[in-house]
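Student: Look at Swiss-Prot and you will find 1-26 tagged as signal peptide. Annotated N-linked glycosylation site per Swiss-Prot: Asn186, Asn228, Asn377, Asn462, in sequence order. Look at Swiss-Prot and you will find 413-423, 430-457, 480-490 tagged as compositional bias 'Low complexity'. According to Swiss-Prot, the feature compositional bias 'Pro residues' maps to 516-526.
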Amino acid sequence: MVRLSYVRFGVAWCIAIIIVSGFSNAASDNFYTPKNGWRSSSAGDILAWRSIDASGIKANVDLTVAYQILYRTSQNSPKNPQHSVTTILVPKNSVKNKLVVVGEAQDSNNANSVPSVGFVSGSRDSPNLVVDESLLVPYLQAGYIVTVPDSEGPLNAFTAGRSGGYQTLDSIRATLSFDKLSLNKNTTVAGFGYSGGGQAISWAAALQQSYAPEIHVAGWAFGGFIPNVTALVHHADSSRASGYAASAITGLVDAYPDLEKASKSLLTSDGQDMLDFVRSNPITEVVSKYANVDVLGSKFFKRDGGLFLSKAYRDVARQNMQGTSQNEVPHVPQYVYHAESDEVVPYNSALQTVQYWCRHGAKVEFVTYTDDKLNHNNTQVTGSQPVFTFIQRLLNGKKVSWDACSFVKENTGPSASSSAGGPHVVPIPTGGHHTQSGSAHGGHSSEHAASSTHAPAGTGHNTSGTGPHASSKPSPSLHPSTGATSPAPSSHRETSGGAAGFGARVASRRRAAPPRTMPAPPLMER
């Protein structure tokens, strides 16, 4: 069976052709099981490798070869050995010593939804891969070798972001040391991802300096990322995106033995059935089944909201919360984007995290998409072209134009893609599916509303937890005192033709007056 997915990337149409035949299964494929003694190897060591026929990508770009590497990595902590797989795509006339690592939005706890299975066997259980493959095409056409790790690892632990960071960084190590490629330890690396893939990339950015300082990273780009799992669960619960809340809970339970043990006394039989369903089905089925369901309620937990009262959960949530440690502030340039109207990952949690990073020396351009027609899904393609421009500039040795942090608002609407499924392909139930098409940030004018802001302590945007992005459910205390703020825009306007380093953007900007300090948000014991 051949499935076509059309995505407009700038002015060019990308056609992802997924050839489905003879489905592989990670659980039954011996390649995914390392040989005895693998735990004594070092992080990033290659345990096994194989050549593959990446049928979906080959239909769109001329690949010289594709490989998969089984490599040693870490789970939850550098002290806990783990293994994972990365898929390497080598285009014809590949550029030497430049590597792009991609955070694939698996967003699923299902073993057959991992990127490496989707590349080999098609995307039956990896619906997000349909679009993400399309978005790889410009990078491959530019000659960049691309590595796509299974960043959820063999536990398929969606939202276990810290592990995703380790597994992403170790996929880079393994790829750079692979002797079949024209790469070496001095290779320049850049990475991008969205949603769960954005979470893995953002954690790679946060952990790189302490965990893999030898990697020469030029910068990172990510959107729709998950810096606070509890905020996602509260935000998505009892909405049409409730399936993401169920998947987030399941991922943490599967990744942390103490939480898995505690869950047995917290879950009802329906709750255990919910986790089993999440593990056994692709995210499309999970989102459909649990749409508008209160997954935190008494049907699934023996005590309403009891999950958040568990010490085991609070400990795990803190370990996977970003914007809480000065030792985990990314030190290379970042391009981050998020839709204010994101119905899955609350906008404020992303904003608060970036503000924290900025107060501690990060270099970030944070783009807020303000059009209320944008959702979690279609924001991915809307932001894909500026992400490509950012990555390409960095790999070409060009510096970004911001010295500290820049907060920008754009009213760019969604591509004429599905408001239901969107370019990210997971259909949040709204009663229909649409063909993916339209402009991906290339055909609209945009309003930039805010500022080259250096974000000293106590500056930023409104994070008061009110408005359309705040959860209506009461939540336990969660975010540390970040001194969140709200800007007071002035009427001054400045016209810029790609001033933030993206020549493709021609837009109007207005500078914001110094933000005023607002009360710190609660720590969402998320």
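The backbone N, Cα and C atoms fix where each Cβ goes, glycine too.
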Student: Please report the DSSP secondary structure of Asn186 (N-linked glycosylation site), reduced to three states.
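Tutor: It is coil.
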Student: If we count other C-beta atoms within 10 Å, could you say which of the glycosylation sites Asn186, Asn228, Asn377 has the fewest?
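Tutor: With the glycosylation sites Asn186, Asn228, Asn377, fewest surrounding Cβ atoms within 10 Å: Asn186.
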Student: Helix, strand or coil for Asn228 (N-linked glycosylation site)? Use DSSP.
Tutor: coil
Student: Round to a whole number and give the Cα-to-Cα distance in Å for the pair Asn377 (N-linked glycosylation site) and Asn228 (N-linked glycosylation site).
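Tutor: Cα to Cα, Asn377 (N-linked glycosylation site) and Asn228 (N-linked glycosylation site) are separated by 19 Å.
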Student: Can you tell me how far the Cα of Asn186 (N-linked glycosylation site) sits from the Cα of Asn228 (N-linked glycosylation site), in Å?
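Tutor: Counting only the Cα atoms, the answer is 33 Å.
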Student: Tell me whether Asn377 (N-linked glycosylation site) sits in a helix, a strand or coil according to DSSP.
Tutor: coil
